[in-house]
Amino acid sequence: ILATLLFGLGLGTTITFASSHWLLAWMGLEINTLAIIPLMAQSYNPRAVEATTKYFLTQATAAAMLLFASTTNAWLTGQWHIDQMSHPFPVTLITLAIALKIGLAPVHSWLPEVLQGLDLTTGVILSTWQKLAPFALLLQIQPTNSLILIMLGLTSTLVGGWGGLNQTQLRKILAYSSIAHLGWMILVLQFSPSLTLLTLLMYFIMTFSMFLVFKLNQALNINMLTTSSTKAPALTALVPLVLLSLGGLPPLSGFMPKWLILQELTKQDLGLLATAAALTAL
């Protein structure tokens, strides 16, 4: 059963990647959602069931919005092709639907709650693999909705940077880190898509490393990490480095995408936006 569900996850993402038709892309996203839901609910504790229900309702809403927007686009323009979006209303609606799907602020509040209710293995799938298909769609429709992407990106960096400050639960901290990183990616998406993909790749590597460390230490909150030095001293020495890299501290690799994004925003005469993003990341 596990192999079938993982195959479904891969299939859903591949269908969305390969499709140029909105209906096929929507179908890929739905397969993806349906495949991860049994994985999320497999531990049978009430928190996992609650998280699964929240995730299902959120994803169903986002998918319905996306289907409505693509149908509206076909009705207004006669086009079902993803890369031929010309009318501003469906483009805005689809951008908001994808923002809800990946957990961008201000439609982010489901993400920390859902991630907190999952085990670490399913959590890493939700934080990494589940972002791929929506990003593939965003990259294809991005040239026509500059203001909404900037607003979503700036709000996400703000919420992600400040939201994790008073958290002690490691999964919630990683959820807010996800929101902040996605904000940086969305800010630069329309100016340099390749830079967005680089940031996404770096985020995947750092998040996967972090989840792996937590799983090996069986740590779910900060207090549990403090006792890990006796179990795995070498690993414990590396944890601060990964955490600081995830926070974007120079000279660690997590700083590189942020530096390049700030440079790109400055090149585009958006110095004020770059300053605001940098201040929220402090």
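Quick reminder: no glycine exception, Cβ is built from N, Cα and C everywhere.
All annotation found in TrEMBL is predicted automatically rather than curated by experts.
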Item to check | Given ranges 25-43, 234-252, the stretch to which TrEMBL attaches the annotation transmembrane segment | outcome: 234-252
Checklist outcome for this item: Highest Cβ pair tally under 8 Å against the transmembrane segment (173-191), stretches 55-76, 88-111, 147-166, 197-214, 234-252, lands on 147-166
Checklist entry - Which stretch, 55-76, 88-111, 197-214, tops the Cβ pairs under 8 Å count with the transmembrane segment (147-166)? => result 88-111
